[in-house]
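Engineer: First, the structure itself, so that you have it in front of you.
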Amino acid sequence: MTAATTSQPAFSPDQVSVIFVLGGPGAGKGTQCEKLVKDYSFVHLSAGDLLRAEQGRAGSQYGELIKNCIKEGQIVPQEITLALLRNAISDNVKANKHKFLIDGFPRKMDQAISFERDIVESKFILFFDCPEDIMLERLLERGKTSGRSDDNIESIKKRFNTFKETSMPVIEYFETKSKVVRVRCDRSVEDVYKDVQDAIRDSL
């Protein structure tokens, strides 16, 4: 990218629709995203999945760094996550897909600002609001079968703290711009999805 184009986002909001999907670990983001992909033809990009894939990619210069961050419940440097997201959006746009759910991102203020400045402005944040005790129960249950290294009680508590300290300020910032839809997630998947569908219909 040349110096002359650094202030221009890579995509126009008329060309690409991005909805950020945030919520604490175990809030049910993945389940709801799967339903939206099926019913509304969204492309679901999970920042965590992109990072895990990069971590396992042979010859990745970032693999070890990503592995350590995930293990410690820390946030991966934003340059890596932004590059992976940008490449994934670009590949899908080339395939004529223009609607994206970005799950688990932005997790910090600087990520939010950099994404909207360099890639594309988001439509809104879909925030899955769930009590910690329910999220903990779901994650420990998932950990029995998921094989994920971070589905253990120590990693989960670190992830809860990271979410509260770094992601809640992002949600509060977007609330000042009237760009947050809060959905209560201490209910059945079907009840949550009804509210999610209402939000999608109102926005697109």
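The backbone N, Cα and C atoms fix where each Cβ goes, glycine too.
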Engineer: Gly26, Ala27, Gly28, Lys29, Gly30, Thr31, Arg142 bind ATP in Swiss-Prot, but which of Arg57, Arg117, Arg187 does that record place at the same site?
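Structural biologist: Of the residues offered, the record points to Arg187.
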Engineer: Among Arg138, Arg159, which residue shares the ribonucleoside 5'-phosphate site with Arg52, Gln74, Ile75, Val76, Gly104, Phe105, Pro106, Arg107, Gln111, Arg148 according to Swiss-Prot?
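Structural biologist: Ribonucleoside 5'-phosphate site check in Swiss-Prot: besides Arg52, Gln74, Ile75, Val76, Gly104, Phe105, Pro106, Arg107, Gln111, Arg148, the record includes Arg159 out of Arg138, Arg159.
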Engineer: Can you tell me whether DSSP puts Gly30 (ATP binding site) in helix, strand or coil?
Structural biologist: helix
Engineer: If you count other C-beta atoms within 10 angstroms, which of the binding-site residues Gly26, Gly28, Gly30, Gly104, Pro106 is the most crowded?
Structural biologist: Pro106
Engineer: Can you tell which of the binding-site residues Arg52, Ile75, Pro106 lies nearest to Arg187 (ATP binding site) in space, using Cα positions?
Structural biologist: Pro106
Engineer: Using Thr31 (ATP binding site) as the reference point, find which of the binding-site residues Arg52, Gly104, Gln111 has the shortest Cα-to-Cα distance to it.
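Structural biologist: Closest candidate to Thr31 (ATP binding site), judged by Cα separation, is Gly104.
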Engineer: For Arg142 (ATP binding site) and Ile75 (ribonucleoside 5'-phosphate binding site), what Cα-Cα distance in Å is obtained after rounding to a whole number?
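Structural biologist: That separation, Cα to Cα, works out to 22 Å.
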Engineer: Sort the residues of the region 'LID' (141-151) into helix, strand and coil with DSSP and give the three counts.
Structural biologist: 6 helix, 0 strand, 5 coil
